[in-house]
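Heads up, the thing below is written out as structure tokens.
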Amino acid sequence: MFFYQFRNNPIIDSASFHLCTAIKTTDSLRLTVSCHILSSSFYYVLAGNENRSIQYLKLREFKIEATELFVREAIITDSQNRSSTLEGQTPSQRRRSRQQLESEEQELQQLQQQEQQQVEEEEEEEEEVLQDIEEQVEVEVEVDQSPIVNNNNNNNSNNNNSRPLKRVRFNMSSDSNNNNTNGTHPLTNGVGTADFLMNPDELITMSDVNGESTAFNKNELIRLLIQSLHYLGYKKSADFLEKDSGVNLQTPEVMQFINSTMEGDWKKVENLLPYLKIKSQNDLDSVKFLIYSQKFLELLEIKKVKEALECLRCEITPISKDPHKLQSLTSLIMCTDTLDLKKRSFWPGAGHLSRTKLLNDIRKFVSSEIMVPENRLEQLIMQAIQYQTTKCLYHNTTKSHYNLFEDHACNRNQMPLECKYTLAGKHRDEVWYLKFSNNGKKLASCSKDSQILIWDMSTLYEAVPQEPRVLATLSGHNKDVSYLSWSPDDRYLISASSDNSVKLWSVDEAVCLKTYSKHTDAVTCCAWHPDGKRFVSGGNDKNLYLWNIATPETTHQVSVPIRSWACARVNDMAIHRDGKQLIVICQEKKIRIFDIDAERPEISIAETEAIMSMALSQDSRYIIVNTSNQEIHLWDLEKRIIVQKYRGQRQGRFVIRSCFGGVDEGFILSGSEDSKIYIWRRQNGALLECLSGHTKTVNCVAWSPTDPYLFCSASDDETIRVWTRKELELSNSSNNDSVSNNNNNNNNNSASGNTCQLIF
């Protein structure tokens, strides 16, 4: 039992080697010494004391000394016996006896020399066997319960007198609290533990550009490489790496569990569950529930209803803690066919897809040391790329391929910083608002001159780019138009005006379909509902109205709002993409959120300053608000906190409308009363650019929702400016401006002290 338990312990291996050699040579003297060494080795290993293990190493020297001692004592004893027999012999007999004694002494000396030479040869053989672990490794043997109490004082004194060791230094600790653990899953060196947990863990240390060191486990890296090779289809290479390194991706039992799950052998899967070492009973029940649910669905799929009912009654019900899930599974028995089963259970059917998902769900409850997360190396690479893109100040590329050999960075050429066209002479007064259509092909602008213009932006993408041209002019309002909103399908446009009305326009026909005149004061904003059938309007009369345009062609009917809310003077609004919430900015220090369809209470988020305007992100989680203290605040609507603040623009007298923009809406864009346009990095609030061009206040900016290299600006100077990259390479052109030269990266990012490098 001891030999098996400590079969990988170098001390026991060395002592056992000498014992076997003594047995083979039938040398009683060596057998005695070897047995003494082996018994001492077991004592020191069980005691788990480092100093006594060092004392054991001195026994290697004792082997030779003991051999010499026994031989010397045997020679002296034999010599004394023979000398006693010399008395009474004739001189010639004594001479022959002395010659014989001297001959025997020489033979014994030769045997002694041969014995010492053989011991030295055996040591050299041991050195070769242990050379892999002899260079820099410290083996840590942890004993949870030590049966022997060590005397540390004596051990320390013995250690100080010991000679330098030629072998590996064995670090033994009897501290039972020094267990190697990973979360709630302790890892031990007991029988049955995988090789990658029994072998000493070698750390690899690497330094980043700032000189900070990071260490990771070498065996963990090898396991990730093996997993990645399997993922890439190089099974032979993965098997060779396992054999060559001695590191296994998973224990044999875990591999059987995975294979059995993919084969649908549920009885074997259940028997192998203990090898996952799930400590919490709740977690174990959750894993069993996942397995039995998969088994239940597969039985239903192949029409084995009786077996499915037995599984539901005897296996799922006893461990189910959610009655709703249990009820849902029970209702699936009534499915008429396989298609109905898959549709109602949102289940793809028995096979690779559903069983792979099952394994991924099980991994959430198992230590990553036991079951390596799926595609873990690829996930780490993606995390490194995502980290680099977040640190890249000018990241604005639609490129989906990244070079793993180089660090990622974008330069200023990725940004639309050049005014390519100035659209002048079409509006006859200040341009207050502009908005891209959802498909990015059109641009709508409105002005103090009461006119609405529809611009054709597709001319920018022709073989020879042309200046955008006016497709239609929408006339009908009696006063200035301050706000526009496109329908989700881009067929309709609604406009808000100071003439107290909202008009619904057909874009293709360039005609007004209906006028909504419920407001008693200037209408300041409007927003389409995602269903395309309703919209909301708000104005200075402190009212919000929800309208239905189910029959927009009936222009002569009097329109009545289907719902209304009372509030303060409305400055801006937006509707959540799920269509359930209306987000409103009034002339007060708060953000209001109304429930459109239900009668839930209003949600109010307090601001520190008066809010002039707002813009909602595409995912509807974040909004930016322009405040009266010349700041732009980025709010997280879910957490209801300010995430970032942007400073630099001037805003005090007029309403300035800002927007999100760029790839993944990574930038914040705003006009200013100093006639400039400001661009910030959304994540860190760094001011990247301040663009000149307009001659008066820039009232509104709009970034194309489909092209990260295009935005437009509207100003009191009666012009609209179109901003692109320097060479007008828009999103339909090849993207060749993502650079990876380290020198350029440092130059581009050094202004804000940000450098990004991919480090492995």
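Every residue, even glycine, has its Cβ placed from backbone N, Cα and C.
TrEMBL does not curate its annotations; it predicts them automatically.
What TrEMBL says about this one:
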type	residues	note
COMPBIAS	80-91	compositional bias 'Polar residues'
REGION	80-131	region 'Disordered'
COMPBIAS	108-117	compositional bias 'Low complexity'
COMPBIAS	118-131	compositional bias 'Acidic residues'
COMPBIAS	145-162	compositional bias 'Low complexity'
REGION	145-165	region 'Disordered'
DOMAIN	250-307	domain 'CTLH'
REPEAT	424-459	repeat 'WD'
REPEAT	474-515	repeat 'WD'
REPEAT	516-557	repeat 'WD'
REPEAT	604-645	repeat 'WD'
REPEAT	691-733	repeat 'WD'
REGION	732-754	region 'Disordered'
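Within the repeat 'WD' (424-459), the DSSP-based counts of helix, strand and coil residues read 2 helix, 17 strand, 17 coil. In the predicted model, residues of the domain 'CTLH' (250-307) average a pLDDT of 93. Counting residue by residue with DSSP, the repeat 'WD' (474-515) contains 0 helix, 23 strand, 19 coil.
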